[in-house]
Amino acid sequence: GRQVIPAAPSVRRLARELHVDIHDVHGSGIAGRISEEDVRRAAGTPSVA
Amino acid sequence: MTKQMDFDLLVIGAGPGGYHAAIRAAQLGLKVACAEREALGGVCLNVGCIPTKALLHAGEMMAAAHEAADFGLSFGEQKLNVQKLNGWKDGIVKKLTGGVGALFKANKVTHLVGQASFVDPHTVKVGDKTYTASNIIIATGSEPARLPGLEVDQQNIVDSTGALVVPDPIPARMLCVGGGVIGFEFAHVYNNLGAKVKVIEFLPSIIPGADADAVKEFSKAMKKQGIEIETQTKANKAEKKADGIHVELESVKTGEKRTEVFDRVLVAVGRRPRTDGLNAQAAGVTVTDRGFIPADREQRTNVPHIYAIGDVAGNPMLAHKAMKEGLVAAEVVAGKPAAQDAVAIPGVVYTSPELAWVGLTEQEAKDKGYQVKTGNFPFSASGRAMTLQQTDGFVKMVVEKDTDLVLGVHIVGPHASDMLGEASLALEMAATAADIALTIHAHPTLGESVLEAAEAVHKQAIHIMNR
């Protein structure tokens, strides 16, 4: 099956900082790409834009 | 109150992994020591990447001087001063290893000289002194694997370290046992310096791990330059006689044996992790039967405050992997949320053309269940490659069919190693082939071939017919 986590290195690091398992994050971008905002949403702490 | 430790972190080994770990930990405010029993910089700087690349450059300049005749430039008879070549190479090594020492000083990393061995989980003996540390990183590297029957004497039968000293005269016939990266780089060096070179490989394919199409193209280019390649062949034994080294070769398929005579034999059949003298059991650190020290994504061994990085922690044995793992371990020690989470570790053979790749091969992608599309762009259609007189090779891009995500990039061609940075970034950023195709690449450059390979994935490359 698929193994690529479509998230930039900085986004993956943010997930670790927020104790979010990147595998559980829904990517809202093209090709399922995971944004910083997706990670913050998964952590329950969305940033105020 | 806990006992005061001598250091927050003690790094064992000052190779690429070790010095990266030590410097990053110091940057993060830790009190750091780095123990090294040999020269700073480890294998890569002293007897690996750096001196090999220096010799490769020299060999390529000699080949290029011949090829310049095509555009009317002749240099007269080539004369190689072997002593000067060795000296130039050694000078580069000295400058870089000295640089590591200067970086240690600048970052206040304590350099401990000597063999390090564990006394207990927090105590390490270096030379005849003992030091305590809250955290320890094992970065002891690897050494050339041996081959029974071919005893390395570093004169006639050499490993990669011996092969770095270019003999005078250049050997007339040379055998490289092992068709991996190291075998081919030295084959290329000595072929360009005037030796008749044969490479033998036990497996059905050379450069294990690389994409099959790329290997085929690479193999074609090497043969065109006069390097003989025999796969599924092994060397049983070597005997030094008056007329040279008699090597018994055997076909793995048929069992047929024959003896060939060479002036120099390189044994490059892989590398094995180095843990001799470390006494890892005194710290309770697990060492596998093959000598590796397994580590998790945070580079921790089975003992949580002891880390392992680089060659000793597992394959692939590559300097840039060790460097990354060193940074990860140092950051974890400093309490940062780091992890070895790289999408892909690039691989490079620094011959001419170079073979460089990152990510999945077409076969690996299929084996993992991906539906794939590929795009190829040959350097024979690159204007820049023509102006450089280096049109052998191609860029092959492997892409997931539905999402267009780039899964792997495989390049055979000039400066493939430098072009690979873009491909690595593409994989880490989860770029699609469309992202690459829509990015303006400067013209004329070799890097445009990466763009054109991405266009070829969508069957709309401009400089070739799309099939």
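From the backbone N, Cα and C atoms, a Cβ is placed for every residue, glycine too.
The model shown is predicted, which means the values in this text are computed figures rather than measured ones.
According to TrEMBL, the protein has these features:
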| type | residues | note |
| --- | --- | --- |
| DOMAIN | B:7-326 | domain 'FAD/NAD(P)-binding' |
| DISULFID | B:C44-B:C49 | disulfide bond |
| BINDING | B:K53, B:T140, B:G141, B:S142, B:D311, B:M317, B:L318, B:A319, B:H320 | FAD binding site |
| BINDING | B:G178, B:G179, B:G180, B:V181, B:I182, B:G183, B:F184, B:E185, B:E201, B:G270 | NAD(+) binding site |
| DOMAIN | B:345-453 | domain 'Pyridine nucleotide-disulphide oxidoreductase dimerisation' |
| ACT_SITE | B:H443 | active site, proton acceptor |
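Of all Cβ atoms in the shown protein chains, 24 besides its own fall within 10 Å of the Cβ of B:E201 (NAD(+) binding site). Using DSSP to sort the residues of the domain 'Pyridine nucleotide-disulphide oxidoreductase dimerisation' (B:345-453) gives these counts of helix, strand and coil: 38 helix, 33 strand, 38 coil. Taking the Cα atom of each, B:L318 (FAD binding site) and B:F184 (NAD(+) binding site) are about 16 angstrom apart.
Under the DSSP three-state reduction, B:K53 (FAD binding site) is assigned to helix.
In this record, FAD is bound by B:K53, B:T140, B:G141, B:S142, B:D311, B:M317, B:L318, B:A319, B:H320; the longest C-alpha to C-alpha distance in that set is 23 Å. Under the DSSP three-state reduction, B:G178 (NAD(+) binding site) is assigned to coil, being neither helix nor strand. B:H320 (FAD binding site) and B:C49 (disulfide bond) are 11 Å apart (CA-CA, integer value).
In the three-state DSSP classification, B:F184 (NAD(+) binding site) falls within a helix. In this model, the domain 'Pyridine nucleotide-disulphide oxidoreductase dimerisation' (B:345-453) carries an average pLDDT of 97.
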